[in-house]
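To start, the structure under review is shown below, and the notes come after it.
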Amino acid sequence: MVFLISTLENCFSFLDKIDPNTLFYLLLIFTWLMSLWEHYLSYRQYRNYKRNRTVPPELTDVMTEEELNKARSYAIDKMRYNEIHTIFNEVETTILLLAGVLPWVWRKSGDILTTYNYKNHEILQSNVFILLFMVYSTLSGIPWSYYYHFVLEEKHGFNKQTRIFFIKDTIKKLLVSMVLSLPIASLLLKIIQIGGDYFFIYAWLFITIMSLVIEGIAFIYPNYIAPLFDRYDPLREGELRSSIETLATKINFPLAKIYVVEGSARSAHSNAYFYGFFKAKRIVLYDTLIKGYSLTKAKDDDKEKKTDETSDTPSVEENTTTRRQPSENKKEKTSEDESEAKKKKDKGCEPDEVLAVLCHEFGHWSLSHNLINMIISFLNLFLVFAIFAALFKRQVLYEAFGFSDEQPILMGLFIIFQFVLSPYSELFSFALTVLSRRFEFQADDFAVKLKHGEPLGRALKKLEIDNMSYPFSDFLYAKYHYSHPTLLERLKAIKSKKSN
């Protein structure tokens, strides 16, 4: 480990010879160069959207010219929004850095603590700093988020949330972020302070364990955080549940529970995933993925079933009263359900198609894709912490961003991870994207081998239509950004595997 840190320190020794102002502008210029590259790719994709094209032969059975034009319009609107939002954020960040906002907020955080008789307490000051920026980020992001959901998404029929829901959701996200971020940041800073020469190993172990605890082993996020934002119900008995359990048993998938999340309360987009480690996997399906599925109907059916099972035989008078009311309620509920079903009749997948989508997800599990990604992620985390250990004591980095008299660890983390490691992060992200696309092809192949290729192809087409995805993409934009192959690429691969 000493050799590793010594080698990294030697690699970055050239930084000490650079003037702090020069280093600042070099890092800022590189950030803008990467931004220009991203804008160039977006421009290529935008030109792709603007071309007049007809429905590809692979989709003529499910997509009309009108639906293709709607998908094109949606894609163009999203691209314009993303470009304007991105440029605004880039300009905002540049102005804040040039104006010296980071050291100013850091000093103000110390002043706030001083009023409460806390002086020179770096961890508390770091918490105040994080808190101020979290509140600022939330408030400054509200107009953009509001426009995206209530103008752009609503224009194309995807937004389902109310304004009250939006406000509550925003507050919940801020509070959950505070509850999670502040303690973790405090412990990480403390480890760096007292960890000695090998603090980066302890810091890496700490972040690794916290990632596993929050997202995996302890199920904190899926069981205690996610339900704060969306409703999760067990998938009710029926053909779909039975077929999922049968498939899971066939491939020895350690299935514990199957949930349906009420994604329709937020958006009309669809999704499916599983989580958990070892012998306790949970599957989560969005209700928008399942054709005609309603969580409201499931809840009402359960209530009526329980009422019928627990009620005693009433008197004649009570019998008349109690039987009229449920009948009236049932008519109202039936009307509501019929209305909802009518809206969803052409959306979602049939049971065999949902099963095929899950078979694809089982493929990721069977081929250890999630484990491989996790190992790569943790190895990368170890490397970047080792680089941080070799860099964070260099005064030139702090001076470049306006910290001439002190070296706050939090600022070191921000400067090194956000700016110094930016070239490496771009390359690493691209490599992960390439690997992810390869994994997606392999998971599709897994479904084909289990005789789910045909329904998987149908499901992918329906999801393309339901999510109003434009089937054509610029090849360079797709290679750089898409973690999944395009629909046409996947359909071609599935057809090829089926014919072999």
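From the backbone N, Cα and C atoms, a Cβ is placed for every residue, glycine too.
A TrEMBL annotation is a machine prediction, not a hand-curated record.
Nonlocal intrachain contacts for the transmembrane segment (23-43), taken as residues 6+ away from its ends with a CB within less than 8 angstroms of a stretch CB, comprise 15, 79, 82-83, 86-87, 90, 94, 97, 396-397, 400-401, 419-420, 422-423, 426, 474, 476-477, 480-481. What TrEMBL lists as transmembrane segment is 23-43 (among others).
Taken from TrEMBL, the feature domain 'CAAX prenyl protease 1 N-terminal' applies to 45-230.
The transmembrane segment annotation in TrEMBL covers 87-106 (among others).
The transmembrane segment annotation in TrEMBL covers 126-150 (among others).
According to TrEMBL, the transmembrane segment annotation covers 171-192 (among others).
Summarising the annotation, TrEMBL assigns transmembrane segment to 198-221 (among others).
Look at TrEMBL and you will find 234-496 tagged as domain 'Peptidase M48'.
The feature region 'Disordered' is assigned by TrEMBL to 301-345.
According to TrEMBL, the feature compositional bias 'Polar residues' maps to 314-324.
For 325-345, the entry in TrEMBL reads compositional bias 'Basic and acidic residues'.
In sequence order, ASN370, PHE439, ALA443 constitute the residues six or more apart from HIS364 (Zn(2+) binding site) in its chain with CB-CB distances below 8 Å. Residues or ranges marked as Zn(2+) binding site by TrEMBL: HIS360, HIS364, GLU440.
What TrEMBL records for GLU361 is active site. Listed in sequence order, the residues of the same chain lying 6 or more apart from GLU361 (active site) and placing their CB within less than 8 Å of its CB are ALA272, TYR273, PHE274, ILE283, ALA443.
The transmembrane segment annotation in TrEMBL covers 371-392 (among others).
Among the features that TrEMBL reports, transmembrane segment is placed at 412-435 (among others).
Residue environment of ASP444 (active site, proton donor) contains 27 other Cβ atoms, counted within 10 Å of its Cβ in all protein chains. According to TrEMBL, the active site, proton donor annotation covers ASP444.
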Sorted by sequence, non-HIS360, HIS364, GLU440 residues with Cβ within 8 Å of centre, Zn(2+):
GLU361, GLY363, HIS369, PHE439, GLN442, ALA443, ASP444, PHE446, ALA447
Looking only at C-alpha atoms, tell me how far HIS360 (Zn(2+) binding site) is from ASP444 (active site, proton donor), rounded to the nearest Å.
5
Checking distant contacts: for the transmembrane segment (371-392), what same-chain residues at least six beyond its ends satisfy Cβ-Cβ under 8 A?
4-5, 8-9, 11-12, 15, 192, 199-201, 203-204, 207-208, 407, 409, 412-413, 416-417, 420-421, 424, 428, 432, 435-436
Which sequence-distant residues neighbour the transmembrane segment (171-192)? Criterion: at least 6 residues beyond either end, Cβ under 8 Å.
122-123, 126-127, 130-131, 134-135, 138, 199, 202-203, 206-207, 210, 214, 225, 228-229, 392, 409-410
For the transmembrane segment (126-150), find every same-chain residue at least 6 residues outside the stretch whose CB is under 8 Å from a CB in it, and list them.
81, 85, 92, 105-106, 108-109, 112-113, 159, 161, 163, 166, 170, 173-174, 177-178, 181-182, 185-186, 189, 408-410
